[in-house]
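Quick one: the structure is below, and I'll ask about it shortly.
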Amino acid sequence: MSTTTDPRPHGTPASLQDSQDAVGRLNPGAWLLVMNREIVVRALNKAFLVGLVVSLVLIGGVLAFVAWQSERTDSYTVAVVGDDATAVAVAQTARERGLASAEAAEASEDGDDGDEAAAGAAGFGAVAVPQADITVLEVADDAAARTALEDGTADAWLHRAGAGDPGAGWTLAGWSEPSGTLTTLLGAGVTERVLADNAARAGTSVAELTAGSTLTTERLDGHAVDRTFVFMAGFAFAFLFLMGAIGSGAMVAGSVVEEKQSRLVEIMAPAVSLRHLLAGKILGSSVIALAQNVLFAGVGLVGLSFTPLAQTLPAMSVSLGWFVAFFTVGFVAVASLYAVAGALASRTEDLQSTSTPMTMLVMAVYFLTFSASGTFEKVLSFVPLTSVVSMPVRVLAGEAAWWEALVSLGILAAFTAVAVLVCERAYRGALMQTGGRVTWRKALTAEA
Amino acid sequence: MTRTTSISTAGPAGRATARGADLEVRDLTRVFGDGLRAVDRVTFTAPSGLLTGFVGGNGAGKTTTMRMIMGVLAVSEGEVRFGGAPITAADRRTFGYMPEERGLYPKQAVLDQLVYLARLRGVSARAARAEVLEQLERLGLAERAKDHVEKLSLGNQQRVQIIAALMGSPRALVLDEPFSGLDPSAVDGMVDLLREHTARGVPVLFSSHQLDLVERLCERLVILKGGRVVAAGTPAELQETGTVRHRLVVGGDAGWVRGVPGVHAVDVEGSVALVELADEGATRRLLTAALERGPVHELTPLRPTLAQIFREVTA
């Protein structure tokens, strides 16, 4: 009908009539103006900037804490009764192990030693010898040891359990529960010492007893990434997705309802195609969301290089690259859904309820992906939106081949294309309906 | 025409000139999903170069009609015509429109968002800025150019909104309640502005519920009730269709007028009576009767005010 908004694209006979004149012509660059405005308005928004700075400080803080943890060498004082030569020897062994571990960590930190075993010793997961500086305090008798614990001059007291029974083992006493680091080190000292004694008694040596008993792990695909790290990275990806999707999604919804509520969209609609308006909003918010995630990822990678996890950088960079690609495509779908949430609302107050389904969806992606594993994770890595997190995680873990990632990205792109088309219709259908909330059904079936 | 703008060129190639294009509405109907006929076969013309007032109570269909004219709302039946032909999207792009709600972007500077709106229409950044600054200057808002819209008074927000509608020499103006919230001097300023546009042949259609204002301003009136046009024409034409009353002032008590045949006494208070006369004979009988009783100080026809006509036609 001639009286409805003319959907004819620029260049059809109807617009040729006016083509020699600036007046009445549809502006083909409108989407660019809309996009610029969205970006500038967001970039100058105080709440957004504060949130960005807080997030960056958090990421930097966590990594700084990890780096500090890895460098830190705790000091302990262990009391032993001076008369018990075995106890003194055990404590000395533990002291040597703790110091050796601290030196190894420092060496790998400075890059003098790229040896994975040394780095692994200080890293996540590996069965590591903790770093510690143990001082051995020789005391006169048990009573003196107790006093030392009570007044705090010693952190723990190592002595034989049972009176003179060699089979009873050893006890590490503390005024409260002794520290885990200390227990591990002294446990290792006790094992080493007792093994040596028992071996000597049996007429052999520890070396002979333990010969050929080591088990080392090796990955043939060259991924220097352990499971704990993959889990942490998965958590980080899921969190980045959540922050980007909810933050920038809410921005799109807010900007759409702002124009609807003030009827600005009615002023713009005759002049600008609503498609341009929507495209500009989606692209603008995508640019912001992407820039934000690239910034987070960059700070994360730089921070990571200062921690013992630096060895994971190459694998992590590849995975992050996939995450950025998946996020970019997936966010366009999220942004269009949020644009509809904005168009369904009549006033800002309605946003809460119209955007609930989108928020639930994003939350579901977050909770499903960061805890997923095995076959479930494999499935998620191909399902649109959860694939944004799960596929990069599988790439990081070395479980997915590059072509799997490409196929998944293709599926996501197809999903996004459909989502954009449906959302564009709902957006245009709902935008001009004033008075109360609009339903999806009404939005999709509206005439104009 | 006293104003020249740097933005638009003359009328589009398809029409010789912008002057002389009437905005017509024919049998325009809007049926909402729930079957409500918000606008029912509305027909009227907003002629080129004239101010046409659109009045009616709340829910009469003014806003719905204007939204259909602007193509914001789909038309159920009937049509909108501009310059004698069915309206096109290209026509609408040259219209200035002020929707019922105000606010624009509350948290953006006045200058920035007006320039943005102009640029969306394809105006260059420089030309847009020049016109916006000129308009702000004219409306006394030059110093507020950098302020956020939400920081302005309601009257000033209204001015910013009208600038948004008037930019780029529109070929027709459709304004929903452009005077609401303005003080009398601001109304005068706004009227002067609109007159400049009618002077260059632009039809201006505006809605209002301030009848005194509409009566004073506009050359044509359309009164809407329940989605239908109940009266339309110039104020003088409407006044003729209204019931003319007479005021009679006599020497003594005027209570006797109630007994004169053909005379309907609307109100009698002491020596003053307000009457409606059925025909010429009634006038003669009333005068004769009055003169028999004593002096007659006054017998004047009272032209009905628009407010009275409005009450009559929408009753």
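Glycine residues also receive a Cβ, built from the backbone N, Cα and C atoms like all the rest.
What TrEMBL shows for this protein is this:
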REGION    A:1-21  region 'Disordered'
DOMAIN    A:46-421  domain 'ABC-2 type transporter transmembrane'
TRANSMEM  A:47-68  transmembrane segment
TRANSMEM  A:229-257  transmembrane segment
TRANSMEM  A:278-302  transmembrane segment
TRANSMEM  A:322-346  transmembrane segment
TRANSMEM  A:358-380  transmembrane segment
TRANSMEM  A:400-423  transmembrane segment
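Walk me through the surroundings of each of these features.
Non-local neighbours of the transmembrane segment (A:47-68) in the same chain are 243, 247, 251, 292, 295-296, 299-300, 303-304, 306-309; each lies 6+ residues outside the stretch with a CB under 8 Å from one of its CB atoms.
Residues of the same chain lying 6 or more positions beyond the ends of the transmembrane segment (A:322-346) and with a Cβ under 8 Å from any Cβ of it are 237, 240-241, 244-245, 248-250, 252-257, 260-261, 278, 281-282, 285-286, 289-290, 293-294, 297, 353-355, 357-358, 361-362, 384-385, 387-389, 391-392, 395, 405, 408-409, 412-413, 415-416, 419-420, 423-424, 426-427, 429-431, 434-440, 443.
Below 8 angstroms of C-beta separation, residues 278, 282, 322, 325-326, 329-330, 332-333, 336-337, 339-340, 381-382, 384-385, 387-388, 391-392, 394, 444 of the same chain, each at least six residues beyond the ends of the transmembrane segment (A:400-423), sit close to that stretch.
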